[in-house]
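S.K.: I'd like to ask you about the structure that follows.
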């Protein structure tokens, strides 16, 4: 029963909505905390030295500041994609795995869409110095500062991509 082809609902239809809502709430609470407790341009605050820092910054584009200055059009696209994924995963039978990854991607897309529509920019606050060390070693400069919504999109997409290479992916 391959992951991407099986059409038997293995989770309740409401579960992807609850998962996405929980992740979305966590993302918005973390962004609100960052806006209240961090200052843009201030030095990084180590959480786990060398691994994780808090640093407030804003992005008016997409990943790596691509399409900078296009926050509102990107927000509309993100919102439509996120809502579309939630409608799809709720109305069509999905495996547990596919329900999870699509909920992750939807939550991340909607989380950053909310920022783009409210503020005209996305709030980022998570810095991973170890990732910057890797990207600098590759001659690419610092790794971008990101947020929980970005992590949801990247993790969901990476899991989906990895599963697409498996002969008999997880259910």
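Glycine is treated like the rest: Cβ placed from N, Cα and C.
In TrEMBL, annotation is done automatically, which means it is predicted and not curated.
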S.K.: Which one of these stretches, 97-114, 115-132, shows up in TrEMBL as transmembrane segment?
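M.R.: Result: 97-114 is the stretch TrEMBL calls transmembrane segment.
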S.K.: According to TrEMBL, which listed range is transmembrane segment: 33-61, 62-90?
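M.R.: Spelled out, TrEMBL records transmembrane segment over residues 62-90, not the other listed ranges.
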S.K.: What else in the chain is close to the transmembrane segment (145-165), if you only count residues 6 or more beyond its ends and a Cβ gap under 8 Å?
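M.R.: Tertiary neighbours of the transmembrane segment (145-165) are 3-4, 23-24, 26-27, 30-31, 55, 57, 63, 97-98, 100-105, 107-112, 115, 122-127.
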S.K.: For residue 150 (active site), what is the tally of other C-beta atoms lying within 10 angstroms of its C-beta?
M.R.: 21
S.K.: Looking only at C-alpha atoms, tell me how far residue 124 (active site) is from residue 150 (active site), rounded to the nearest Å.
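M.R.: That comes out at 9 Å between the alpha carbons.
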S.K.: For residue 124 (active site), which of the three DSSP-derived states applies: helix, strand, or coil?
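M.R.: SS state of residue 124 (active site) = strand.
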